[in-house]
Every structure is written in structure tokens, then in C-alpha cells.
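**Q** Just dropping this structure here.
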Amino acid sequence: MKESGRKQGAASPCAACKLLRRRCAQDCVFAPYFPADEPQKFANVHKVFGASNVNKMLQELPLHQRGDAVSSMVYEANARVRDPVYGCVGAISSLQQQIDALQAQLALAQAEVVHLRVRQTVTMSNNGLSPGSPSNSGSPSSRLMGSQGKPYFDMDMMDHSSLGEAMWSC
């Protein structure tokens, strides 16, 4: 936040005094929060709350709370200008609807992950592999290994007809 709404040494009024067409005093309550280069900021606050009410609110607050109060008033005033009926409540409601939609998408994605993991576990158990076995690392070379760590393509003359079926179902 700027320290003052006026440039040092210049007699330029703050945005509030300029809009209200009055002389900006050295101790102007608006000057620290409504600088001259942001006239729309005070215009919206004035339109929604009124300059007199804003002045009263700021006078009643300790100095260290005034900046936060002005930020809140500016936010509410801008929301009221955009949505005169609902203001901030409309923005909050819209954000809540987005949260609800995203939570539903997240739940669907999590359910899909669980479904795919169950399907993967069933497929592995049908092939004689356990989900946590070292032969199930997912690498191509591990798929060529049997459950005992022997390669499927051994050079012996054993019958490997059932192994081909297991290999291609992965």
C-alpha cells in the first residue's frame, strides 16, 4: 500500500478529495488508501458505501487496521459494481460451485484409479503374478521372466505353449 496518495512536494489531491472536489488536507484520512493515480478505486467505494460512511469507519478504526478495512471495502464495492444484486456472495457462490464440481471430478478420477488397480491385480493374479513381486516391475524385460525368475524363452526343449498365452495377456 502506498504511504500517501500525493506525491512529495506536490499539492495533488488524493482520489477521494478529487472526486469529492474538495481541498486535500495534510491529515486527509483517505490519502494513504486512495492515491490520485487510482481514481476508480475510490469511485466504486463511494458509490457503494458513501464517502461519509467510509470516513466514519476509518476514523473509528486504529491505524494498523485501516488498510485491511479499505481492502475489504474496495473488494466489496468492486463486487457490487460487477454484480449489484449478490456482490461478494455471488463470487463466493460461484467459487463454491467450482469447488463442488472439482471435488466430483476428483472423486471420479480416484474411483477410476481404484478400478484400474483392481483390474490390474486381477489380471496379475490370473497370470500367476503377485502385485508386489519383483517380477512385476513393469519393465519389458521383467515380463519375459517367469514367476521363478527364469526366462520364458529358455533354450531347452520344454513345452512352452501355455507361456505364450500368459505373455500376450499382459
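Yeah, the Cβs are placed from backbone N, Cα and C, and that goes for glycine too.
So TrEMBL has the following annotated:
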- 92-119: coiled coil (COILED)
- 125-142: compositional bias 'Low complexity' (COMPBIAS)
- 12-113: domain 'LOB' (DOMAIN)
- 124-151: region 'Disordered' (REGION)
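Help me understand the surroundings of these features in the structure.
**A** Nonlocal intrachain contacts for the coiled coil (92-119), taken as residues 6+ away from its ends with a CB within less than 8 angstroms of a stretch CB, comprise 86.
Counting residues per DSSP class in helix, strand and coil order gives 73 helix, 0 strand, 29 coil for the domain 'LOB' (12-113).
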